[in-house]
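See below for the structure under consideration.
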């Protein structure tokens, strides 16, 4: 199966590479190169990016900030990442638009669903920033929401690991990777893939999720082509 319209979820942490903070330009360039090849092949691609490389709302809340305030700061961090991604993509020859859920007309378009879909149809990449514009919702949930809104075929969750494991592979040498999971497997097993709201949204709208390693060059293209990489979450076969 080749996917024609994809929602790619990138974590903020992925953008910082091996650094402890911020954005690694080499990672941005690598992502842009992979995305350019996918778009050149005719796939329509939208991106939701997190902000954890700059600020995490939950961490701010744990440190004493009001949760809603901390989440708004996190949303602004995602816009910094979105604009950086736009720059990298356009340098790679990919026409890109940033749309934000909080109006910032000097640097981005406001999120307008129909306009986003027209951009995709014209071969442009759309990067969604500022989460969904509301506190208490993660960028994973935003990815599921935007995927449903733009009628995406699939959500790609590109991470630092090559799939979903039964336990943390960084801590357990005997961790087993799941090739296929149902939405209910993830929800009932409380597997650390996406938060339960994001999984439930994908389940309700029958949007499959593919989890794979972002740092393996060409993996975005392999996932688009439907190659069996990473872990796939969906309805029972």
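Quick reminder: no glycine exception, Cβ is built from N, Cα and C everywhere.
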Site co-member for UMP according to Swiss-Prot, given 51, 132, 133, 134, 135, 136, 137, 138, 139, out of 34, 71, 153: 71
Annotated companion of 9, 10, 11, 12, 52, 56, 165, 168 at the ATP site, Swiss-Prot, chosen from 18, 159: 159
Per-residue Cβ crowding (10 Å cut-off), top of binding-site residues 11, 134: 11
Close approaches to the region 'Involved in allosteric activation by GTP' (17-22) from elsewhere in its chain (Cβ under 8 angstroms; 6 or more beyond its ends): 53-54
For residue 168 (ATP binding site): DSSP state (helix, strand, coil): coil
